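Here the structure is laid out as structure tokens; the discussion comes afterwards.
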């Protein structure tokens, strides 16, 4: 099927995870004739935008993420107001680690620079602050901030898609894109070709294909896109009887991150009563079309971490439930948000490599992608776009230089 001149779109978005859905919403809201394509069913569980919880935090060692988190917090609230239900559930954010851990000290510096209210605590103050629910070693510190919380991922993606439809966007799932070509007849814009032979015409195109973005960009432009998929395992642990309410979001338990080896993160009990999410930021490299489907998780260090951190109130014998997800990793764990360039110039925008920490910033990323497709200055809100350039890997394969080696925190075995 061909969609002829009268069916042209202003922007075609390829990939309906949280980033593509957020971008489609932004575009449609601004009056752009928008098409959002997804290769699988909408709200599928084969990528990176599903599940029951993601954290939101502003405590980054990299200062340039603060403005994106701050903007996203406002945009999450605006989208919730428009849709009429909640996907963001605020709570404290608590970061912890060795007192000499440079990345954790950079988190404190970020808070100070931006006036983000925070409290730095020693082990005794941490125990008092959380009434014994969290314990840290004597040589550790903890940093508590109010800008934290949980995002409901599947619900959030559905929200953006519903809002996009409400503003006139067209959504099609089970529509896998095979290639993107220049529109030779009109001399401008692109043709998006599907594996079924359909052709969609657009003035602009945004590619947010998640773990599949490297494969698609290689086909489209013949370049090696610096993003590689990784399969990770999310673990849920049972809270011991009588202590369940102490670890709930209503009980003011925080979202949290533990710096060092391993880098551990988690959320309070919300989606599964009586269970708390605690996982390692890591996993195993994979082909998104030939995944091992787990389990692939290192449990011994995580068991020990849980045993030492939660005052014996969480069963550390092993997780009672697990879920699989994919990260789309860049070498420096920073995003790629840029024009594809080459023959496509500024007509194709790419957004990928969100490296296991991008979901919280989806509203700002969607706004930026929409700005770029509409040729509006994308650096609004103080966002430093140079950090996300595709070209940064040309001079240095490792990408952005990090001030401290431990800022690239991924725990993953070397590829063979």
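Just so it is clear, glycine is given a Cβ too, placed from its N, Cα and C backbone atoms.
So that you can see what the record holds, here are the features copied from Swiss-Prot:
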BINDING   10-40  FAD binding site
MOD_RES   325  S-8alpha-FAD cysteine
Most crowded position, judged by CB atoms within 10 A, among 18, 325 as recorded positions: 18
Those residues of the chain, 6+ apart, with a Cβ under 8 Å from that of residue 14 (FAD binding site): 20, 37, 177, 180, 192, 205, 206, 207, 208, 209, 216
Residue among the binding-site residues 22, 26, 34 whose Cβ has the most other Cβ atoms within 10 Å: 22
Inter-residue C-alpha distance, residue 34 (FAD binding site) and residue 325 (S-8alpha-FAD cysteine) (nearest angstrom): 28
Minimum Cα separation from the residue listed as 'S-8alpha-FAD cysteine', reported as the residue among binding-site residues 10, 18, 30, 38 that achieves it: 18
Other C-beta atoms that fall within 10 angstroms of the C-beta of residue 38 (FAD binding site): 25
